[in-house]
Amino acid sequence: QNLKTWQKTNMDMTNGHNPAHTASHDQGFDSPVPSPIVANTTPREQWGGKYEFLLSCIGYCVGLGNVWRFPYLCYRNGGGVFLIPYFIMLFVAGVPLFLMELSLGQYGAAGPITVWKCCPLLKGIGIGMLCVSTLVCLYYNVIIAWTFYYLGSSFQSPLPWSCDAIANAAVCSNNTAGNSSSGRARTPTEIFWNENVLGLVNSEGLHDPGPVRWPLALCLLAAWIIIFLCMLKGIRSSGKVVYVTATFPYFVLIVLIIRGATLEGSLQGIAFYLTPDWARLASAQVWSDAASQIFYSLGIGVGGLLSMASYNKFDNNVIRDTIIITTGNCCTSFFAGFAIFSILGHMAWRKGVSVGEVADTGPGLAFVAYPEALALLPGSVFWSIMFFLMLFMLGVDTLFGNMEGITTAVLDEFPQLRQNNLHKSLFLGSLCFGFYLMGLLLVTEGGIYWFTLIDSFSTSFGLIIITLFMCIGISFFYGVNQFCQDILDMIRHCPPWCSKVLIYFKACWCFFTPFLLMVSLHSSVKTPLCLMQLWLNIN
């Protein structure tokens, strides 16, 4: 009880809440408690309006993962069967954890580390968020660099990955001209991705990264400069940008779906996307991938949501925001899958093979399937520019949220940086430049191997551990009843449905969510051990 009272005192003073509100919880508390120290004397920024926070969270969640990662996981896990564990994980783990992180940040009005001043024992959760967010920022901007490279290449006519390009004449006229390691014919888009962009043919694996590919390095530098400039403007100006970044992607996806529906074989791809292979439900990897995608897409456990919520007004309705954001995010993932699989169906029809064989598995699926779709559109150069500009805006908007989690955590721990704009700018510039130097490894000829390694272990194993301890810590250390009461205190005028929904969330936080996280963790632990054994056998 003393611990909860201390948390309320610290949080209320940090957020500038009415002391009378806190006093109602302090009755009967006579034990000596260390005097709370409000380190940040500078008034904390707040969103310019409630819609700015809502749209910023949608822009943060609806990112590159909705376009290239979700369809890729469906493709790898047998198509439509992946939707079953995906939506189960969403309602049992994703939505409850999303609400928990938003509520924790809004009530505490602090970053991922400082917010745990209520219980120093759980401060490691915030440090873990900071570590995972660092890894995500490190490789996520590499995806933006790839997108930037494709955006620049899109200004060529004809597109360099289309059959109209002179360099691809031999490949397009002879199906056996370019064969992959599996012995099947490759398309110009696959050749452009593997050879022109990645330089993958010159590397043998993790032990052979090769030289830096300087065109990609320049794209990566440009991406970090843009991130630096966006972060300098603060949260108030970023709320205006999302009016474009949150709506423009839907326009492009609608165009791709309409175009894909007019192509031969598109129904074959949609059938592969929606028809479940029930035997795959017995695979633990499918459930682990579903949990990983929920965390990756919603941004849970990284600290970005917690940091953005910390700039909210105290009486913001977090339950309403949670339902709107999570529903919109997952519907976008499902919606984007139609654009991907309609094109894959057409590719399979052209090659005379099944949908499962039309492209190599990997995070570059969107950089193979989507460019080929764009090459089939009338005015392909224009639509290619629009599409990769859309991806670029999605990536920058999402990475801004991840970077906000890091900067908020550091600035809350060292408030003197927040008080001086010059020091804050120097810190942000040093952070971005450090990420750029570390990211150079991922833009070498073998960088895709390191990219896959970081992507696999930073978005599954680490996030599951962090969210599991966060769920257990809030439910059993802080107290789930007290946490629900804190949510009701923030909402104040709570409609009847809010109280009923909290009963469901309470059951998830105490039982269902930790159980699913532990099952997913068991599956995630076995994968690194198997890969390590394979690596030792090879070497």
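Glycine residues also receive a Cβ, built from the backbone N, Cα and C atoms like all the rest.
A quick note: this is a predicted structure, and the numbers were derived from the prediction, not measured.
According to TrEMBL, the features are:
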- GLY59, VAL62, ASN66, SER297, ASN329, LEU394, ASP397: Na(+) binding site (BINDING)
- CYS163-CYS172: disulfide bond (DISULFID)
- 53-71: transmembrane segment (TRANSMEM)
- 83-104: transmembrane segment (TRANSMEM)
- 125-151: transmembrane segment (TRANSMEM)
- 214-235: transmembrane segment (TRANSMEM)
- 247-274: transmembrane segment (TRANSMEM)
- 294-311: transmembrane segment (TRANSMEM)
- 323-344: transmembrane segment (TRANSMEM)
- 373-394: transmembrane segment (TRANSMEM)
- 426-451: transmembrane segment (TRANSMEM)
- 457-480: transmembrane segment (TRANSMEM)
- 501-521: transmembrane segment (TRANSMEM)
Within a 10 Å radius around the Cβ, which one of these recorded positions has the most neighbouring Cβ atoms: VAL62, CYS163, CYS172, LEU394? VAL62
With the Na(+) site defined by GLY59, VAL62, ASN66, SER297, ASN329, LEU394, ASP397, which remaining residues of that chain have Cβ atoms positioned within 8 Å of the Cβ centroid? ILE58, TYR60, CYS61, GLY63, LEU64, GLY65, ALA246, PRO249, THR332, THR398
Which one is closest to CYS163 (disulfide bond) in space, judged by CA to CA distance, out of the binding-site residues GLY59, ASN66, SER297, ASN329? ASN66
With pairs closer than 6 in sequence left out, are the transmembrane segment (125-151) and the transmembrane segment (457-480) joined by 3 or more CB pairs under 8 Å? yes
Most Cβ pairs under 8 Å to the transmembrane segment (214-235), of 125-151, 294-311, 373-394, goes to 125-151
